[in-house]
Ligand SMILES: C[S@@+](CC[C@H](N)C(=O)[O-])C[C@H]1O[C@@H](n2cnc3c(N)ncnc32)[C@H](O)[C@@H]1O
C-alpha cells in the first residue's frame with residue numbers, strides 16, 4: 001500500500017492541474033468540487049473532486065492523478081481565494097495526521113457548521129429546525145481528550161496514524177488535542193523503546209514486539225494510565241527491560257497510577273488483550289465526573305472529553321427535570337455516566353447496556369458512590385426494554401445514548417409503545433438521530449428542545465441532546 005506522501009508525490013508529479021471552487025463539505029469534513037472536462041469528441045464529462053483541508057467557497061488549484069475518472073481525491077496545490085474563516089493550523093502534524101480535519105477553520109466557524117448540520121438533517125426528516133440552539137463550544141478547544149491511542153511503527157518509534165493510511169505512522173512530537181502530559185508520557189515510552197532497540201509490530205509480516213500505547217488521564221484526580229500492548233509477555237529476557245520502563249515512568253511521571261503490559265498476539269489490529277501484567281500501581285485509575293467517582297480499566301468506555309461531557313449530563317438533567325417519585329430507564333447506559341446523577345433525582349432507575357463488563361462497572365460505580373436505587377441489565381437494548389418493562393412497569397422518563405449507528409427503528413418503536421412521558425435522546429451522530437426521532441412522531445411525541453454540544457473540536461463530530469414530550 002502506498003502512503004499519502006507517495007500518493008501525493010505521484011499526483012503532484014503528474015501534469016493534471018485544475019482550478020475549481022469548493023462547493024460544500026462531505027460527511028468527513030473534506031471539500032467537494034466539480035470539474036467539467038471536455039472529451040476528445042467534444043462531450044462534457046463531470047469529475048467530482050474531494051479536496052481535503054479546504055473550505056466552502058474557496059478557489060483552489062489542485063493536482064489530480066486520473067481526471068478521466070468520475071471521482072477523484074485531489075491534492076491542494078495553491079489557494080487562490082481563501083475562506084474568510086481560514087486560519088493557520090496550530091499543530092505541526094495537521095497536514096498528515098488523521099486525528100483532526102478542521103484545524104484550518106476558525107473555531108467559531110466550526111461551531112456554526114455543526115449547528116447548521118444538525119438543522120439540515122432534522123429539516124430533511126420534516127422537523128422544525130428553528131428550535132435547534134447554537135452549538136455549545138469549548139472555551140479552550142485544545143488538550144481536551146482524556147484517552148489517546150498511539151501506535152508503534154515497525155522500527156519501534158511511537159506515533160500517530162497518517163490520514164487515510166493505517167500502515168504509516170508519523171513520529172509523535174506533540175498532540176494538541178490530548179490532555180496535558182499525555183503526549184509527553186507517550187514520548188517517554190517511545191524513548192524507552194528506542195533505547196532498548198525494541199521492534200514494533202509489522203502488520204504485513206506479523207513480526208515485532210510493540211503494538212500500541214493507550215494513555216488515559218483523569219482531568220479531576222490527575223491519575224494516569226499507560227497501557228502498553230505487546231505480542232509477548234514481560235517475562236524472561238523482557239523482564240529487565242520492562243523493569244526499566246517501570247523505573248523510568250515512576251521517576252518521570254508519578255501521576256501514572258496504573259502501568260500495564262498487555263499481551264495481544266492476535267492478527268486483528270485492535271486494542272485488545274489476552275493477558276494483563278500490572279507493572280506498577282493498580283489495574284485501573286480513578287476518575288470523577290459531577291462529584292461521582294468512577295473506576296476506569298483499560299477497556300472501559302468513558303466519555304473522552306470530560307469538560308464537555310459534564311455539560312452534556314447537566315443539560316440532560318435540565319431538559320428532563322427528573323422527579324423524586326419517577327421511574328426511569330437509561331438505555332445504552334455504559335458504566336453509568338448518566339445513570340448515577342439521574343438516579344439521585346428519581347425513585348428508581350434501570351440501566352441497559354450490551355457490554356457485560358460495562359454493566360459490572362456500572363454496578364460497582366453505583367455501589368462506590370452509595371447510589372442504591374439502581375438496577376443494571378446486560379442485554380441488547382431491544383430485549384432489555386421488554387425485560388425491564390415487565391419488571392418495572394411503564395417508565396416516566398427514558399434517556400437513550402446509543403452508538404453512532406443510532407438506536408434503529410425497532411428500538412425506537414418499542415420506546416414509542418412503552419410511552420414514557422419524557423424522552424431525552426443523547427446522540428453522537430445527527431444523521432441517525434434525525435431518523436430515530438422520526439420513528440417517535442406516530443406515537444404522538446414532539447421534539448421540544450435540541451442542543452448541540454461540541455465534544456470533539458477540530459473534527460466533524462457533534463453531540464446533540466434532545467427533549468421529546470407527548471403532545
Ligand atoms: C455512546 S455510548 C454511551 C454510554 C454511556 N451513556 C456514557 O455516556 O458513558 C453507547 C453505548 O451503547 C452500548 N451499546 C451498543 N450497542 C448496544 C445494543 N445493541 N444494546 C445495548 N447497548 C448497546 C455500547 O456498549 C456503549 O456503551
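Keep in mind that glycine also has a Cβ here, set from the backbone N, Cα and C atoms.
Between the candidates 255, 303, 451, TrEMBL assigns the S-adenosyl-L-methionine site shared with 332, 353, 401 to 303.
Taking every pair among 303, 332, 353, 401, the residues recorded as binding S-adenosyl-L-methionine, the greatest CA to CA distance is 15 Å.
Shown are the binding-site residues 353, 401; the one with the most C-beta atoms within 10 angstroms of its own C-beta is 353. In this structure the C-alpha atoms belonging to residue 303 (S-adenosyl-L-methionine binding site) and residue 428 (active site) are separated by 11 Å. In this structure the C-alpha atoms belonging to residue 353 (S-adenosyl-L-methionine binding site) and residue 428 (active site) are separated by 17 Å. Residue 353 (S-adenosyl-L-methionine binding site) carries a strand DSSP state (E or B).
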